[in-house]
Structures are given as structure tokens and as C-alpha cells.
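Everything below concerns the one structure shown next.
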Amino acid sequence: MGENRIPADAVNPDLVPKHTLYTGAKMPTLGLGTFGSDSVPAEKVAAAVEDAVLSGYRMIDCAACYGNEDLIGESLEKVFAAGIKREELFIISKVWNDMHGRGDVLRACAQTLKDLRLDYLDLYFVHWPFPNYHPPGCDVDTRNPDSRPYIHEEFMACWRQMERLVDMGLVKHIGVSNVTIPKLKLILRDCRIKPAVNEMELHPAFQQPELYNFCKENGIEIIGFCPIGSPARPERDKTPEDVVDTQLPQVQQVAKAHGIHPATVCLKWAVQRGHMPIPFSTTRKNYMSNLRCTFEDPLTDEEMALLATADQNCRLIKGQVFLWEGAGDWQDLWDIDGTIPGWNGYEKK
Ligand SMILES: NC(=O)c1ccc[n+]([C@@H]2O[C@H](COP(=O)([O-])OP(=O)(O)OC[C@H]3O[C@@H](n4cnc5c(N)ncnc54)[C@H](OP(=O)(O)O)[C@@H]3O)[C@@H](O)[C@H]2O)c1
């Protein structure tokens with residue numbers, strides 16, 4: 001027997017509420033984000049993953065483009081050696097925009113599995129619905145001349161490969177991220193295997209009620225990214241109009257009433273609203289408190305109603321670098337008026 005590596009203050013994972021996917025599989029209501037925002041080194045993120053899993057985390061949100069899956073794979077190997085079982089974990093990854101082409105999705109998934117040192121993923125996302133690549137760390141005005149608007153047929157060719165990964169047993173569920181209702185309607189119309197989860201930006205200042213309800217009505221569970229308003233996001237993702245969630249008066253009022261950090265209010269709001277936040281943290285005190293807050297000291301109905309009024313439709317991850325030549329501003333990525341710019345085949349079967 002090796003030494004017991006479970007910390008004394010570890011959370012019992014059974015206490016963390018679960019969501020049930022349409023397949024019957026269960027997911028914990030809170031996971032650990034792993035995007036170091038181009039500033040937290042991969043080693044630090046991987047160390048947090050190792051300690052977080054030993055301390056009770058069971059869901060980890062990874063992605064090839066975060067550039068740290070190989071080190072996170074070493075962490076997973078260590079937690080398995082410490083006695084955590086693969087089936088206890090819910091591991092997520094995402095195919096990056098430059099790997100949508102024929103055969104590429106399978107290759108990308110194989111690389112991720114190799115890096116993470118796993119036989120299968122619990123959930124695999126198409127990270128963005130565009131095959132538009134930008135180099136890591138590029139500035140906000142970078143445009144790739146090969147970038148194109150959403151082309152549904154191309155997306156479905158990528159999705160067919162995602163479905164194939166499920167058939168092959170390499171991936172248990174597939175999902176979408178950064179989609180809109182018009183895009184999701186088309187995907188639902190044409191898919192063979194339905195997306196199980198939509199990973200979308202959600203925090204008190206950006207509640208996206210229409211897309212949220214559309215997912216719930218269609219049996220798609222929801223992961224909320226940037227749940228604390230991503231205070232350390234890259235400079236390219238900041239604009240002067242952006243709202244700081246932890247400074248919203250509604251969030252501060254609830255934090256004061258409970259004697260907790262405003263970040264914790266954002267997470268409690270997410271869990272009680274009914275989605276699954278994936279806060280990033282490499283600070284032990286913070287990631288332990290984030291996990292515990294899912295089952296301790298709930299907010300009241302009145303506080304939830306107050307937080308609903310904090311919505312300012314403030315999108316933080318606008319996606320400018322994915323725009324194509326000839327596009328207008330970043331709103332063209334988000335089908336603001338209910339149509340998909342640059343693609344007119346909505347009625348085509
Ligand atoms: N699908 C997509 O396109 C997409 C896009 C963006 C993000 N994501 C995913 O979503 C995850 C989360 O988003 P994010 O990393 O941008 O932002 P976030 O989770 O909203 O914010 C993370 C920041 O909050 C701090 N923090 C965490 N817990 C705290 C607490 N209890 N008290 C005070 N501060 C706290 C962290 O600092 P410390 O480290 O010091 O705790 C970190 O700086 C990402 O890591 C990634 O996995 C997905």
C-alpha cells in the first residue's frame with residue numbers, strides 16, 4: 001500500500017450535487033477550469049489539478065489549446081496511483097479550431113487522450129463553431145485571412161467525426177461550446193448523436209436566459225465558463241465597458257449577508273440556478289472553498305431573485321480573433337438578430 005495522500009480537509013465528493021445527462025450519466029455540479037489565461041504556468045495548473053482531485057474534485061475542464069494537457073496527464077497518473085479510480089472522474093476536453101477538417105478530429109482526440117494518459121474522455125466539445133485559427137497569445141486585432149463565417153455543412157462534417165468518437169468508445173458524450181440558438185437549432189436538426197452539454201459563458205452580469213432555457217428545454221445540460229467573471233483573463237479579452245461581477249452591488253450585498261467572498265456568491269448563484277460552473281483556481285484556499293460552497297450555506301430565494309437583476313448582457317469573451325475578413329464587429333459571431341451572418345441556408349434541409 002502506498003502512503004495515504006488524501007488531505008485531512010478533503011471534501012467528500014458525494015456531498016457535491018450532481019446533474020444527470022440524457023444518457024443517465026452523472027456529472028458533479030462544479031469542476032475545475034484549467035485555462036491559465038496565458039499567464040499561469042502549466043506546471044502550476046497541473047499541480048492544482050492533482051491536489052484538487054485528491055481533495056474531492058471530480059470534474060476537470062481541459063482543452064488542447066490550453067497547452068497543458070500533457071502535464072495534467074501526469075497529475076492524473078499520480079491521482080490514480082494514489083487510489084482514485086478513473087470511473088470516479090469526469091474528464092472534459094475540446095477540439096481546437098484548427099482541427100475540424102476531415103480526419104483531424106480523430107487525430108486531435110487521440111493526441112488529447114495520449115497527453116491526458118486516458119483511454120476515454122467523459123465529454124468532448126467542439127471548442128468554437130468556427131474552424132478559424134489564431135496563434136496563442138495574439139492580439140485582439142489579429143485576423144486570419146483563411147477565417148470563415150459559420151458554415152453549417154462544415155460544422156456537421158466536424159460533428160460526424162465527434163459522433164464517430166462516441167461509436168468508437170473513445171468519448172462518452174459530445175458537446176458544443178460558444179454556439180447560439182440559430183446554430184444549435186440546425187445542429188439538433190441534423191445530428192445523429194445529440195449534444196449532451198453546452199459550455200457557455202455565464203456569470204451574474206451575463207446570464208443568457210434565452211439560450212439557457214433553450215438548452216434546458218432540449219435536454220442539454222449547461223456548463224458555465226468564466227463563472228467569476230474571469231478577473232485574470234488575457235488583456236485581449238478586456239474592454240472598457242466590461243462589468244466586474246464581484247463588484248456588482250447585488251453580488252456584494254449577498255456576500256456581506258453571508259460573510260463570504262463575492263466570488264463565492266457567483267458560484268452559489270450558478271449552482272442554484274441549475275448549471276455547472278467550472279471556476280479556475282490555483283490557490284488552494286479558493287478552490288477548496290469553491291467546492292464546499294456547492295453544498296454549504298445556500299442562498300435564499302430572495303437572494304437568487306436579487307441576483308437575477310444583476311444581468312447586464314455583458315459578454316466578456318467576445319471572440320474578436322475568430323472574425324473573418326469582411327465581417328462587422330464581434331457581434332457577428334453571436335447571431336444577435338437571430339440569423340447567422342454569411343450563411344443563408346437556414347431553411348435548406
Ligand atoms: N469553452 C470556452 O470557450 C471557455 C472560455 C473561457 C474559459 N473556459 C473554461 O472556464 C474556466 C473558468 O474561466 P476563467 O478561468 O476564465 O475565469 P473564472 O473561473 O471566472 O475566474 C478565475 C479567477 O478567479 C479567481 N478565483 C477563483 N476562485 C476564487 C475565490 N473563491 N475567491 C477569489 N478569487 C477566486 C482565480 O484566482 P486564483 O487562482 O488565485 O484562485 C482566477 O484568477 C477556464 O479555466 C476554462 O477551463 C472555457
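Using N, Cα and C of the backbone, Cβ positions are placed for all residues, glycine too.
Remember, TrEMBL labels are computer predictions, not curated facts.
Owing to the predicted nature of the structure, the values given are computational and were not obtained by experimental measurement.
Around Tyr66 (active site, proton donor), the C-beta neighbours below 8 angstroms that are at least 6 residues distant in the chain are Thr34, Phe35, Gly36, Val45. The annotation active site, proton donor is assigned in TrEMBL to Tyr66.
Within 10 Å of the C-beta of His127 (substrate binding site) there are 21 other C-beta atoms, taking all protein chains into account. Annotation note: His127 (substrate binding site) sits in a coil segment as assigned by DSSP. The substrate binding site feature in TrEMBL is assigned to His127.
What TrEMBL lists as domain 'NADP-dependent oxidoreductase' is 30-309.
Taking the Cβ of Lys94 (site 'Lowers pKa of active site Tyr') as reference, residues of its chain lying under 8 Å away and at least six apart in sequence are, in sequence order, Cys62, Ala63, Ala64, Cys65, Tyr124, Phe125, Val126, His127, Ser177, Glu199. The site 'Lowers pKa of active site Tyr' annotation in TrEMBL covers Lys94.
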